[in-house]
Amino acid sequence: MTCCFSCLNPRTKDIRVDIDNARCNSRYQTDSSVHGSDTTGTESISGILVNGKVNSPIPGGGARSFTFKELAAATRNFREVNLLGEGGFGRVYKGRLDSGQVVAIKQLNPDGLQGNREFIVEVLMLSLLHHPNLVTLIGYCTSGDQRLLVYEYMPMGSLEDHLFDLESNQEPLSWNTRMKIAVGAARGIEYLHCTANPPVIYRDLKSANILLDKEFSPKLSDFGLAKLGPVGDRTHVSTRVMGTYGYCAPEYAMSGKLTVKSDIYCFGVVLLELITGRKAIDLGQKQGEQNLVTWSRPYLKDQKKFGHLVDPSLRGKYPRRCLNYAIAIIAMCLNEEAHYRPFIGDIVVALEYLAAQSRSHEARNVSSPSPEISRTPRRDL
């Protein structure tokens, strides 16, 4: 199937490798070479322009500094009952601040995958960038060797919690909810690529990093690997390869040349996960089907086989025409030649059109509504 965006109502345990030096910014002139770490571990990312204005971290204006004692009290001394999740980076706890605000507190493992540089990059990035589809950083803690990040609490967890290994009593996401999540995630990337100046390359887009609020509106999280994109005559940023296996664009994995089109490939993988309900890498699948992109390639090329890609949990309740559009978008995002992949602005237009068509289809079929039911948010303290 072929499709052009101009037809769609156009408008104007994760595996990571070591992080390199973040891009230093002096009027956006950059030396991307790696010469080892500096003595402070500080990343210079100030001076990002948003809507023509310089955004910079202002003391007292944005993310606040917490003491370790405050965060220990918020989590009741990091009790297991408040544990939301854990990984190679450390643990995430649910907490309640003195103000009564419920938050998510990420306590980094000093020996984990997220190092001091990544911590600083994340604090700076989320202090500079603000959008409805980016998670809000409330504050941080740097007491002694402790490194903690305090985020707004997202009651429905991550996208992967609702796509993979569902509990027997857990209702699968409806088609329309999946499209809503796709549109929101794309808008978040569009903000990073098109509004921030220079553009920000997310570099770690995956279902685990897409958090969901109570209305299933998505927010991108975990900006420790984000990097400022190329400016001027530069076409790419050269960097050590990093990210998550199964999501990385092939040209980036091979050469370390990073562009905004690297994020587009990652987005294609996430969109494929949304359609199929399968993980980017699933060692539980039989040989030849463990890599989602590799497994899907033959089906993406044959419209008659598109149905084989659809998550069985949808039970056939999706508009066939909208599926065709979605797979066309996926195929373009996953093009092995980076310059043939669409820009995120075009993807947003296409997905907004697709989501609108999906809603119209549902409205015409109100006699057989989606099996979507209300879901129970994560437990309170």
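Just so you know, the numbers here start at 1 and follow the chain as drawn.
The backbone N, Cα and C atoms fix where each Cβ goes, and this holds for glycine too.
Taken from Swiss-Prot as is:
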| type | residues | note |
| --- | --- | --- |
| LIPID | Cys3 | S-palmitoyl cysteine |
| DOMAIN | 78-354 | domain 'Protein kinase' |
| BINDING | Leu84, Gly85, Glu86, Gly87, Gly88, Phe89, Gly90, Arg91, Val92, Lys106 | ATP binding site |
| ACT_SITE | Asp204 | active site, proton acceptor |
| REGION | 362-381 | region 'Disordered' |
DSSP three-state call for the residue listed as 'active site, proton acceptor': helix, strand or coil? coil
Integer Cα-Cα distance in angstrom, Glu86 (ATP binding site) to the residue listed as 'active site, proton acceptor': 17
In this structure, the one of the recorded positions Glu86, Asp204 whose CB has the fewest other CB atoms within 10 Å is Glu86
A correct count of other C-beta atoms within 10 Å of the C-beta of Val92 (ATP binding site) gives 18
Measuring Cα to Cα, how far is Leu84 (ATP binding site) from the residue listed as 'active site, proton acceptor' in Å? 21
What does the structure give for the C-alpha distance between Gly90 (ATP binding site) and the residue listed as 'active site, proton acceptor'? Integer Å is fine. 17
